[in-house]
Amino acid sequence: MAVLDTDLDHILPSSVLPPFWAKLVVGSVAIVCFARSYDGDFVFDDSEAIVNNKDLQAETPLGDLWHHDFWGSRLSSNTSHKSYRPLTVLTFRINYYLSGGFHPVGFHVVNILLHSGISVLMVDVFSVLFGGLQYTSKGRRLHLAPRASLLAALLFAVHPVHTECVAGVVGRADLLCALFFLLSFLGYCKAFRESNKEGAHSSTFWVLLSIFLGAVAMLCKEQGITVLGLNAVFDILVIGRFNVLEIVQKVLHKDKSLENLGMLRNGGLLFRMTLLTSGGAGMLYVRWRIMGTGPPAFTEVDNPASFADSMLVRAINYNYYYSLNAWLLLCPWWLCFDWSMGCIPLIKSISDWRVIALAALWFCLIGLICQALCSEDGHKRRILTLGLGFLVIPFLPASNLFFRVGFVVAERVLYLPSVGYCVLLTFGFGALSKHTKKKKLIAAVVLGILFINTLRCVLRSGEWRSEEQLFRSALSVCPLNAKVHYNIGKNLADKGNQTAAIRYYREAVRLNPKYVHAMNNLGNILKERNELQEAEELLSLAVQIQPDFAAAWMNLGIVQNSLKRFEAAEQSYRTAIKHRRKYPDCYYNLGRLYADLNRHVDALNAWRNATVLKPEHSLAWNNMIILLDNTGNLAQAEAVGREALELIPNDHSLMFSLANVLGKSQKYKESEALFLKAIKANPNAASYHGNLAVLYHRWGHLDLAKKHYEISLQLDPTASGTKENYGLLRRKLELMQKKDV
């Protein structure tokens, strides 16, 4: 039994659970913590990564997953975020297939089960970290720290910072990455056996398998490659028993025995390091080739510190971000779905009181590093080294040290580093229990932390069930975050509450005067409310701030068209298409402009472009049919209508438009069939009944005409054309009755 386990006897005093039951308890607790999110909606980034991602649908070839980023864009595109996670997207696609569509329950259940499985796996990982690698004569690893392993695994399972990864479906990337990361680490551990007195021998198979699992982890999320660094640290400092303190002393005393260090003469270690280095270099090379171009281009609002001119300001703020991440691990009560856009103001001077957080962080880290590398207690060295390794190494890709990242603080990137935190916390509880007589108080503190964290997980999972709850929960944490106000406004606008949405959009623009997306959405709402002057001002400012913002250019064109400023509108549409060549909606609106100017050929060409880029663009097809109909080109209108219905066979508006054309061409039977089919699909459309009545009127089926005129007027009593036609029909029927008499 490990020394640490004995120190924890008062915290877990009962007979130690067998490994199977310990894992069952940990897995069950993990499920309880996040079960509340199982029937939640798709929220926040789920919309782009899942609902709007065509890579999930059967129409997209599986091979495309290997050339697209996490969001479904081609990696070679300049707008791609370069997040290459094809295996994660593949699991989404399987989810979509098994669920029969975008039903979030199946997606959420998989995430919860993944977290539960990872928490179970953590029992074995912590057993290695706390108990070391000792085997029976039959080659089975001994569980020498069951209490410490169970406590650390429980702390991991109930940590509230994991909520984003578990309750947000997009967090599956982190879950899958963690799963294969841990399997890679455990696989590397299997490469060692206590075979003789001189040391351990390694199995090349297990080392290669570990590298392969690291590559799989990287294909789930980029962070996965860091497992190779962790394995190297484990091999050198734990397996190789590299003692930094001893080496430093020998260097200072010029001890000749330094030349005969066993580690340097250990061919097995050098061979394993060569394999790990080669594997990592190969992964990075392939990843860079696949990426196609340079790193993604982030904006200042994504990561303001990385755009600071002063290197000192950048360094101070990066370190402050590290301290905030450490605080989220220590006290995960204030959680937010997004920490950008003014949520954390920049530190611009050393006199800022927040610098104290940096000093506290590095004071703790340096103390832990000194103990980890220089302690004479080998057991303590191993635990602290691996705890710090798990805490720091997986966090490195998010540290801004090697490349700029697109966020300030992100709770999801703490999923793996929290393993190191749990190791250090468990070790700390053991040390406290050893050096104090108030052991019951420590036990109460531990149980209190587990209970409070479980409660926080349940509450936070509830907040992730819907976008409205998620966004509003962020107001109390980051009231200065413009994106929080923007997302609440967008959510309200989607629900039709434009008045409240305007208020939040205005606040977002006030907090961040360069927030072009908030300006664009606010301009759109003002346009719909016919407040055209302010809408034009906002959209003009948006394109001035970001000249390549195609959507804002298009919306500006729509406003200018409404203001009868046709030349400016055409120029805005053309600029939008210049910045986004494949923009069917913009071609559609350009066609409407040309139609207003009676430039019919140009209008038809614009709408045709829209349908080429987006064959299911119903509005563009309809406008082509209607324009050709109104200009007397019935044969061409009929051909376009039939072409459209072949592509969108269930669109009732296309059936209606084509039925009108066929009626004018005296193809009454076919026209009637399309009208009836359109009415079946949309029975409450007054115009459908009214135009069918006109068809029957022309055709001579006057009773049927009377019936559908009356239905149309019941649905829309204000339709003047229908009233007039109905009056004509009634007079005709009265005349016919008089003649009969």
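Glycine is treated like the rest: Cβ placed from N, Cα and C.
Automatic prediction, not curation, is the source of TrEMBL annotations.
What TrEMBL says about this one:
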{"type": "TRANSMEM", "residues": "112-132", "note": "transmembrane segment"}
{"type": "TRANSMEM", "residues": "169-188", "note": "transmembrane segment"}
{"type": "TRANSMEM", "residues": "200-219", "note": "transmembrane segment"}
{"type": "TRANSMEM", "residues": "225-248", "note": "transmembrane segment"}
{"type": "TRANSMEM", "residues": "269-288", "note": "transmembrane segment"}
{"type": "DOMAIN", "residues": "294-366", "note": "domain 'DUF1736'"}
{"type": "TRANSMEM", "residues": "355-374", "note": "transmembrane segment"}
{"type": "TRANSMEM", "residues": "386-407", "note": "transmembrane segment"}
{"type": "TRANSMEM", "residues": "413-432", "note": "transmembrane segment"}
{"type": "TRANSMEM", "residues": "441-462", "note": "transmembrane segment"}
{"type": "REPEAT", "residues": "482-515", "note": "repeat 'TPR'"}
{"type": "REPEAT", "residues": "516-549", "note": "repeat 'TPR'"}
{"type": "REPEAT", "residues": "550-583", "note": "repeat 'TPR'"}
{"type": "REPEAT", "residues": "584-617", "note": "repeat 'TPR'"}
{"type": "REPEAT", "residues": "686-719", "note": "repeat 'TPR'"}
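Model confidence over the repeat 'TPR' (516-549) is summarised by a mean pLDDT of 94. If you look at the transmembrane segment (269-288), the same-chain residues 6 or more away from its ends with a CB under 8 A from one of its CBs are 84, 191, 202, 204, 207-208, 211, 214-215, 218, 222, 225, 228-229, 231-232, 235-236, 239-240, 263. When each of 200-219, 355-374, 386-407, 413-432, 441-462 is scored by its Cβ pairs under 8 Å to the transmembrane segment (112-132), the top-ranked stretch turns out to be 413-432.
The listed stretches are 169-188, 355-374, 386-407, 441-462; of these, 386-407 has the most Cβ pairs under 8 Å to the transmembrane segment (413-432). Sequence-distant contacts of the transmembrane segment (169-188), counting only residues of its own chain at least 6 positions beyond either end whose CB sits under 8 Å from a CB of the stretch, comprise 42, 44-46, 49-50, 70, 85, 87-88, 91-92, 104, 107-108, 110-111, 114-115, 117-118, 121-122, 124-125, 128, 206-207, 209-211, 213-214, 216-218, 220-221, 223-224, 226-227, 230-231, 234-235, 394, 412-413, 415-416.
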